[in-house]
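A short write-up of the structure that comes next.
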Amino acid sequence: MVVEDSSNAGLGIGLTFVAGAATMLGGVISMIIDPHNQRFMAGALATAAGVMIFVSFTEIFPQAVDLFQEGDTFDEDHAFMMANLVYFLATLLCMAADWGSRKWHSWSRHRRTTKEATAAESTPEDLENEEDPHGVAPAAIALQELTDGLFEPHNGPVIKVELSGLSQNEPRRVPEFSEMSTNSNLADVEATHEEAVHHRLELLKVALFTAGAICLHNFPEGILTFIGTVQDPSVGVSLAVAIAVHNIPEGIAVASPILRATGSKKQALLWCSISAIAEPLGGILAWLVRSEEFSDDTYAVMYACSAGVMVYIAAAKLFVTACHLDRHWCPGGFILGTAVMAIALVLCRL
């Protein structure tokens with residue numbers, strides 16, 4: 001691929017910025033709607049999954065096959081086999097990374113549980129003498145919150161009882177009961193907290209995997225948008241429109257899990273911007289080297305890898321998470337995503 005005309009280079013760079021900005025638009029949309037709305041979250045993730053899978057199999061993977069053929073290294077059959085090989089290698093790499101992430105999280109959780117069990121076996125004297133680096137132990141804070149207002153501070157935990165022959169205000173000590181209640185409540189709180197932390201980590205993992213996948217396929221998209229614009233502005237505009245349309249739900253897919261897990265709009269916009277900047281960076285790189293350093297086989301590998309990563313993220317992360325949140329909205333969201341991408345591709349061919 002060689003750039004034939006540089007007179008439209010400015011337009012090409014501008015279109016890559018527009019296409020990348022659509023990812024930021026998706027992030028802004030996710031902030032307008034409540035990120036804790038599980039139906040919206042499920043629909044957005046399923047829609048993004050539909051967009052990514054549809055464009056992967058109808059545009060990106062076939063493009064990889066064509067580029068392998070145009071490279072004069074492989075014939076038609078071998079080009080198809082090479083595209084499949086690279087596609088599944090990329091998928092296996094994603095699976096390995098996901099497996100490693102789960103193993104690391106399981107190990108860290110086991111280590112934390114072991115430390116908590118060791119601390120629970122310590123005597124009260126050990127706990128009192130142990131210095132907390134943060135000033136107050138988290139367990140002490142939780143205990144204080146749980147017991148606040150339940151017991152009267154009269155030389156230890158006490159309760160008021162009303163029995164014949166006794167004063168109504170005379171306290172009776174029942175340490176065994178209070179200890180069991182406190183331990184039970186603490187266990188419930190810790191279990192709930194552990195589940196919430198695990199859910200937030202899963203959402204963050206989905207967001208980061210999605211952001212990485214979008215960066216991976218936005219970069220070659222920026223290169224091709226620039227090259228297409230320089231060769232034929234109408235082709236470049238069509239590419240930019242199609243890319244922008246499917247970048248919007250991808251931006252939602254990146255921002256929504258981060259908003260739901262952290263509540264931080266700054267972090268959501270940061271990761272959306274990281275995903276979006278890959279598009280113009282690809283265009284700028286193509287402008288700098290004029291695409292003379294990139295062979296067709298290189299483009300083919302990038303496209304096949306992008307297809308593999310996108311399909312894995314869409315199927316194993318986005319759609320699975322969407323079904324976990326609200327499975328009734330997943331089929332409709334997925335079909336909507338495929339329809340949006342199909343309409344965009346049809347418009348580009350008119």
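Cβ atoms here come from the backbone N, Cα and C positions, even for glycine.
Look at TrEMBL and you will find 110-133 tagged as region 'Disordered'. Summarising the annotation, TrEMBL assigns transmembrane segment to 12-33, 40-61, 81-101, 268-289, 301-320, 329-347.
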Legend entry - Close approaches to the transmembrane segment (329-347) from elsewhere in its chain (Cβ under 8 angstroms; 6 or more beyond its ends): 39, 42-55, 58-59, 238, 241-242, 245-246, 249, 319, 322-323
Inset, instruction - May I ask you to check whether the transmembrane segment (12-33) and the transmembrane segment (81-101) make contact, with contact taken as at least three Cβ pairs under 8 Å and only pairs 6 or more apart in sequence counted? - result: no
Inset, instruction - Go through the chain and flag residues at least 6 beyond the ends of the transmembrane segment (268-289) whose CB is under 8 A from any CB in it; none is fine as an answer. - result: 3, 9, 12-13, 15-17, 19-24, 26-28, 30-31, 207-208, 210-211, 214-216, 218-223, 225-227, 243, 247, 250-251, 254-256, 258-259, 262
Legend entry - Residues from the same chain, set at least six apart from the ends of the transmembrane segment (40-61), whose C-beta lies under 8 A from its own: 30, 33-34, 83, 87, 206, 210, 213, 217, 242, 246, 249-250, 252-253, 256-257, 260, 303-304, 306-307, 310-311, 313-315, 318-319, 321-323, 325-327, 329-342, 345
